[in-house]
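Written below as structure tokens is the structure these notes are about.
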């Protein structure tokens, strides 16, 4: 047996090696997707009987105010996260690469720390922060003499969606930061040195060197951010349960609620598929936009 | 090359095994969904071989409930005590308890289990959920089990099975007769506001609320984050004051009544006007019903509304609060069609039995159910002052807490009206519950909410 054959993997071998992981992927991702598409065409209520009702669930879905309202909330969360979280992460990255920053390790650890916390814990902590009678936020406002701003934060339907976004931004700030930093470390030092010689500093360095050179990484991070933000659930479920009324309801919770609180598993599946289509649409749309910008 | 081929065969074998394991998993899942109807026949095949085995091997009976391990509610402590006694007497039956304190989480888990026909042997369930489980054939009808022991069956108050039956079958064994809407009020705060007793009319109540508010106290503590409190503990009774019980019967039988009927809209309007008046704490939609009691226990609120199950916790409250607490029901409303000496109540929940374990473990399950609902249990509940669904005449009244005595006096004059979420379809209840949160913060008008509920009602018809 010579070296070349032992290194070359035959077609059969390739399939054999890929097989198990593909099989697992198929059974936990692809099959459930098709199953839930099938359920979405029925009026299944959790019992032994499923009647095929065609696309009726989707007709209802198109006219379902709660569904679109939840989608709007998802979009608000998404836009806020993209702008505030990624903006902050980029700003911090440029700070971290600058020479003036002290205690870099400590800052990095502190910022990354919340990422490893359970979403439920974070939800509870922030619920306590916002609490009307015992919350830190109201206590701080009182201390600063801003008593007029004190309110039951999570009870105000107009602002609740922004308030539940804050913990999401805070908790996952560390992820884009880490990715940006590793990307920045891949930029050759001599580029920065050359530009410093040309008298380029601070903001200009970030704008004309760091940003274009890590643009591809930013794109990837934005994709990740979009896909994870379309699925947010735990924080909001813990903090408000979607309330007051439905004002902080997001798609994932709406799907969960229709499927398991109301037991409309058929319609709940339609919501899930609708959610899948919308997320997929946003990702594709975003990819188009990002490419145009690149060329 | 030969070695290569051997490797390949090994790989494909491994792959085949892997695939079959995965396929096996998939198959199982499908089975549990699809075999629900035939399942009721299946266990009988097993049953014939079981009794001999159960003589030696202990039978495990799973029991899911919503009483946290550290709960001070009388029902929880009594059930635990009876269970311990039962375990000592029946070493052959092991009751495995699972407790989930949060009501929403409890029902979510229950419905998820029901969807895959994995319901526990014994579990607590509301009537409306039971009706749905029954339709899906995931719970066992208990008619035979009850008829097999006439003394046990006839011991229950006749009306106590109402909430737990559907389609002519009984699916649950009641363990208590509860009112879901009782007003617990601090008579000191009412006296300070110039009321020596609880207001008798709606107008008086509004005046009292305004005065209490002037005194710097929250008139009504409400914790509606989990959304069922406003509906189950307030609207069920308030609605009946306006509409009368006939209206609800008509809604439930789908024989003409509508949620957009003026009477029901009026009840929503009355509820909203309380909120507009500032009767509730501002953070009502972000705290839960335990926190609403905390507000009351800390002397920050003059009253709260919850079911009769809260008596135990009120007695565990700080002494000056517990001693000042009185019970009442909502006052009469002008032009209302309902009886003023009534409140929403009934058996509400009961023990139900998952169809899966029923065939094999029928005898063991029957024994556990009797221990947790029969005379011994009922007596010990009655001695703690809890209203029971089982008739007990001769029990020791000396340990009954003063508040429970007051409640017993009150409830003896009361007529029980239907609890909305015990009867209405869960999808409808979930629309109503979320809508009430909006209603209380002026997010929706009573008319618009009534329309929304009616639309859902027509959809699920």
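We number each residue from 1, going along the chain as drawn.
Each residue, glycine too, has its Cβ placed from N, Cα and C.
According to TrEMBL, the domain 'ABC transmembrane type-1' annotation covers A:67-286. According to TrEMBL, the feature transmembrane segment maps to A:12-39, A:75-97, A:109-129, A:159-180, A:213-238, A:265-286.
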Q) By a Cβ-Cβ criterion of under 8 Å, what residues six or more beyond either terminus of the transmembrane segment (A:159-180) are in contact with it? A) 73, 76-77, 80-81, 84-86, 88-90, 92-93, 108, 111-115, 117, 119, 122-123, 125-126, 130, 153, 214, 217-218, 220-221, 224-225, 228-229, 232, 235-236, 239-240, 243-244, 247-248
Q. Considering pairs 6 or more residues apart, do the transmembrane segment (A:12-39) and the transmembrane segment (A:213-238) have at least three CB pairs under 8 Å?
A. no
Q | Same-chain residues near the transmembrane segment (A:109-129), Cβ under 8 Å, at least 6 residues beyond its ends | A | 92, 135-137, 154, 166-167, 170-175, 177-178, 234-239
